Amino acid sequence: MRFIVGRAGTGKSTLCRQEIHKESQEHPEGLPLILLVPEQATHQMEMSLAHDPQSGGILRAQVLSFRRLGWRVFSEVGGGGKAVIGEVGKRMLLRRLLLNHRSDLRVFARSATRPGMADLLAQAIAEFKIYRITPDQLRGIEDADELLLQKTHELAFLYEELNKSLGTAARDPDDELNLVAGKISQAPFLQGAKIWVDGFKGFTPQELYVIQAMLGTAAEITVSLPLDPELLKAGTPRFKPGEELFYEPRQTYQGLVDLAREAKASISHVFLTETHRFEKAGLKHLERFYNAYPTQTFPGGDDSTAPDPLGIALFPAANKRAEVEGVARELRRLAREEGRTWRDCSVVTRDLPGYQGIIEQVFNAHEIPYFLDHKRPVIHHPLLELLLSAIETVQKDWAYEPLFRCLKTDFFPCSKDRIDRLENYCLAYGIHGSAWKGNRSWSYYPDPNHKEETAGLNETRQIIYDLFSPFDQAIRPHPEAGGPSVTVAQITEAIYELLIRLKVPEHLQEWAEAAHSRGDLAEAQLQNQIWDAVIQVLDELVAGLGEEVMDLSDFAMILTSGLENLQLGLIPPGYDQVLVGSLDRSRNPETAVLFLLGANDGILPGKPSDEGVFDELERLRLESKGIMLAPKGKVQVYEEQYFIYTALTRAREQLYISYPLTDEEGRGLTVSPVIHRLKMIFPGLPEKYLSLDEEEPGALPHPYALLPAYALHLQKLRQGSSLSPLWQAIRLWFLSQTAAFPQVQLLEKGLRDQNEEGKLPQPLARQLYGKRLVTSVSRLELFARCPFAHFAQYGLKLKERSNYRLSPPDMGQFFHAVLHDYAIALRERGLDWGELSKEQSWQLVNETAEPIALQLQNKILLSNARYRYLTHKLKRTVHHAVRVLGEHARQGVFLPMELEVKFGPQEALPPLEVPLSGGNSLLLRGQIDRIDGAVLGHEIYLRIFDYKSREAHVSLNQIYHGLDLQLLAYLDAALQGAQILVSSSGLAEGSKGSEGSEGSEDSEDSTIHPAGFLYFPVLEPQLKSKTLLYPEQLEKDRIKAVKVKGYLLADRQVLLAMDRDLENSSLLGIKLTKSGEFKKGSPILTEEQFALLRKHLQHFLRCSGEALLEGDISITPYRQGKHTACQFCSYKPLCHFDPYLPENNYRNLPVIQDEEFWQRVQSQDSEQYPEQHPPTSVPGETSRRALQKDGGNSPRGQELIWLGEDEAGAGKEDDGHE
């Protein structure tokens, strides 16, 4: 055995290649010359040998890793015929073992189903095998704490069970080197071979076992080790400070010497003391003295006569992106000015996952060819998504979510548009499960105009069903046959047949060719490899568990465990690329220029890992019992120092070390100790700060990478800033290159364009809305909030995707419908609201709610147990509302006149009509939930109720700005149609009267007045009490908790007619002083103030109508305090409102106090609003019959007609137009 020993850069690998070259030249047809290197370095070493101008080829030379060496041995002497269960297969087997033996475990029982547990156990068992620890050794541990003993016994059990599962039909790759070592003596190609072992700093016990076996067959084994020769010459038993980085190579050297002596092999040394790699004095000094103590300062640090004597530069950066941008600019500068090839440069970091995404984005933008040296996880590949979602679809009986995940993988022969339309249809009508199966066509669209679209959807459904149903039938368990009877092999076969039916291999080949044609060679490699990798996983599943009967949930869990760990290793697809890798896994042994990224504390050096089944203390205890495992703790610290040493000594000519000063959130980051050490060794070390806002012409990146910064500077220009001379020149250059950079035209267009909408042409606005503008309160309120939102919803008629779920509007509709039908039932039975007991009212609510529940959202309330329980809660909520309304009836004399009465053209009540300019007019329509009336003396008073499924408040401030006009508009409509209401309802004849008043005999002589308008919340309040409440008191308190909100007439007699106990009113929210006066802040208005409100309504309707017909669609959302129109707006992705743009500004609405409100309303430029505004047309018998029909004097038919969207769930207005 011969050792080549030397520090970094002394030429160990070069000497190995030279010796191989010399041997092959002297004996061209001799025995194999084997170069044994780490797995990740095989491709690089093959390239080095092949491109060596002196080698003349590598006919005798073979570059092998230990794994490839095993394949060669098995191919010559046999023993490799068993199916290989790889890492993915082992994790699947272990997941199954955990599920099967959970009851036999104590330590690992609770975490048996935890994600990642199978990974930890697989790593532990692999470590046992690599370090040649047997289950019996684990069981033989004594005199340890109970937890450690239990843990080792359970691991020994799982270890043995895994070996049993593999059986005689399969083998574990972790066992291969042990098998290889036993067969090396029979391998002809190793008899008398010369072997060079290069690139290792240490070996596992299995690898040492293989080397020991080769000592008996090889003519000579040469091992190169990164070790200071002085350490061997001195023979010192302990390491001095700074020498710990050679800890592992020295331990390895000692182990190899022991093997050689045991084999009675001769031992010789080649000590390399001269460094040949470094072309800069600074790099040479860094290698020799980085770990030397006391510190050896670079003697030529201030020598200004030599051009760049150091070859080292520091790049502090604002953040990670600025750091990577700066590295990319420097790479392009090196290529442009110094003629560097891309392969001359490497980028390494200790935190590759943290930098990978940024590197990909930035290097692609700069058009820098690169290769990321890491294994790619493929769990998010469409093929893996297809496998997992297909199984879940069967498992969950064709549920929507997994089924459409499956369909969106692009493997089904349906366009994305067809899949999207199908998804919208299924979401809207809650289609899942059995609805997909059979030959019954879907016909959920009620509109016959959709027949053609329905036919297309059924065609798509049939294609999907024909492809997927055989898979469903093949793997679905059959309980009628005595339980699940499907084996793993059968499920796997069904999966394979599904993949073939969907032509997955052909799709993958197309994707690979497309990636190749656009120059993405790494992506092409991945698409070419993914099919074989997935089939390998399925083969391993069958090899390990093929005949085992398994239910789908366990199968899915095991397959997911395997696919989550599936990773693909790619070889560099091109020759001239920048190599990007991790500090502990880089293929490039040396490079001309190296960029070391992320030199921050906690990253460089990395923190020792404590992941695994055993913690550091347990490992030490096992070591004391003779169980030697992978080094941890202090040894990991030494290993981190070695990684830093190799990174700092890899560059021949130039070393750049960069580090961000802040993280993504602007928090400061600490610099690595490596930086402090470098500054001690090189006091004059140059630094260059990297920023995203670069103004130096010499540092300009590739034009494509400049485009984001170009857009940023154009944005600043748009906001009024000026461009620097440099960016003026850049802009002129881009404007001259628009053919090559089409994005420039879009960016420049963005500079000129304004994110604003002007006005629609008036003819178009009139065509869109009509000469007689028929509208609703909800539409005008939306227009008041934001004209563009109104245009999007009612002009463009955009709507959100329908979803089969019970939304707040659905619950509001349910409440309205039940309350309406409950009132009709009372009227038919001649009952008053306050007459029924609690039990009687609950029975009547049940009777009226059941048929309504059948019609809501395609019977959604009956679709599952959750919704059936929710139905009960909704009934309970309505029942409480009924009890509160009954209390109103008991306490007052106001009677329900009409229910859900509509006003508008051709409706029971006439519309509110406002003349507009140019002969146009606005007609307001809507539907009033409930109109109550009372006759007091010779006066008739009307009160409006509007049901809300939430707490609702109305204020004069909201009314002034048009944000809440519903109650006011309804009151105005009721007063305009009052004569129709009174004559059709028989109010005068049926009035209960009030104290001190008698019913009127002639309503024609009565004057009709507003009594108020109120929001009634349909809610079931939850009470808090520190004492136990009896049922009767609880019922009273819950009724008191429901507060109506609105404004009432400031007339004591009228208020007494609403609540006899006015002084202690719990129903109206009115507070009185001791003298009987109304307290300040009570929600009361005089009749003159009600008239002013109606005047303001007319003014607002006129202004809104004029603005609508003038085509106002401006993006001007309101803002008042913390509230804006954008908070819950669905159209934000459409309008792109940005308050930072100069043309995008909120309409700031001032908060109008009550006193100011009345001042403003009185001064509005409008004709005096008459106390009794006449109806638009004289009501005739037709209007009265319509009111009787629509007002609800007869029960509803079997089909429930759902209305608009006026409230969150209780919309009542038809928002069409004439």
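Backbone N, Cα and C atoms are what each Cβ position is placed from, and that goes for glycine too.
Keep in mind it's a predicted model, so treat the numbers as computed, not measured.
As written in Swiss-Prot, here are the features:
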type: BINDING; residues: GLY6, ARG7, ALA8, GLY9, THR10, GLY11, LYS12, SER13; note: ATP binding site
type: BINDING; residues: CYS786, CYS1126, CYS1129, CYS1135; note: [4Fe-4S] cluster binding site
type: COMPBIAS; residues: 1160-1169; note: compositional bias 'Polar residues'
type: COMPBIAS; residues: 1209-1218; note: compositional bias 'Basic and acidic residues'
type: DOMAIN; residues: 1-279; note: domain 'UvrD-like helicase ATP-binding'
type: DOMAIN; residues: 281-588; note: domain 'UvrD-like helicase C-terminal'
type: REGION; residues: 987-1006; note: region 'Disordered'
type: REGION; residues: 1160-1218; note: region 'Disordered'
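All features noted in Swiss-Prot, drawn onto the structure.
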residue : record                        : DSSP (3 states)
GLY6    : ATP binding site              : strand
GLY11   : ATP binding site              : coil
CYS786  : [4Fe-4S] cluster binding site : coil
CYS1126 : [4Fe-4S] cluster binding site : coil
CYS1135 : [4Fe-4S] cluster binding site : helix
*Report the nearest neighbour of GLY11 (ATP binding site) in space among the binding-site residues CYS786, CYS1126, CYS1129, CYS1135, comparing Cα positions.*
CYS1135
*asked:* Which one is it, among the binding-site residues ALA8, THR10, LYS12, SER13, that lies nearest to CYS1129 ([4Fe-4S] cluster binding site) by Cα separation?
replied: ALA8
*asked:* Within a 10 Å radius of its Cβ, which of these binding-site residues (ARG7, LYS12) has the fewest neighbouring Cβ atoms?
replied: ARG7
*Rounded mean pLDDT for the residues that make up the domain 'UvrD-like helicase ATP-binding' (1-279)*: 82
*Hey, how far is ALA8 (ATP binding site) from CYS1135 ([4Fe-4S] cluster binding site), Cα to Cα, in Å?*
61
*Around the [4Fe-4S] cluster site recorded as CYS786, CYS1126, CYS1129, CYS1135, what other same-chain residues have a C-beta within 8 angstroms of the site's C-beta center?*
ARG785, PHE788, ALA789, ILE1115, PRO1117, ALA1125, TYR1131, LYS1132, PHE1137
*Neighbour tally for SER13 (ATP binding site), based on other Cβ positions within 10 Å of its Cβ*: 20
*Would you count the other C-beta atoms found within 10 angstroms of the C-beta of GLY9 (ATP binding site) for me?*
23
_Spatially, and counting Cα to Cα, which of the binding-site residues is closest to LYS12 (ATP binding site)? Options: CYS786, CYS1126, CYS1135._
CYS1135
*For the binding-site residues listed here (GLY6, GLY11), which one has the lowest count of neighbouring CB atoms within 10 Å of its own CB?*
GLY11
*Take the C-alpha atoms of THR10 (ATP binding site) and CYS786 ([4Fe-4S] cluster binding site) and report the distance between them in angstrom, rounded.*
74
*Which of the binding-site residues CYS786, CYS1126, CYS1135 has its Cα nearest to the Cα of GLY9 (ATP binding site)?*
CYS1135
*Would you mind reading off the Cα separation of SER13 (ATP binding site) from CYS786 ([4Fe-4S] cluster binding site), to the nearest angstrom?*
73
*Expressed to the nearest Å, what is the distance separating CYS1126 ([4Fe-4S] cluster binding site) and ARG7 (ATP binding site) at their Cα atoms?*
66
*For ATP, what surrounds GLY6, ARG7, ALA8, GLY9, THR10, GLY11, LYS12, SER13 with a Cβ no more than 8 Å from their Cβ centroid?*
PRO226, LEU272, THR275, HIS276, ARG277
*Sorry to bug you, but what's the C-alpha spacing from CYS1135 ([4Fe-4S] cluster binding site) to GLY6 (ATP binding site), rounded to the closest Å?*
67
_I need the most crowded of these binding-site residues: ALA8, CYS786, CYS1126. Count other C-beta atoms within 10 angstroms of each C-beta and give me the top one._
CYS786
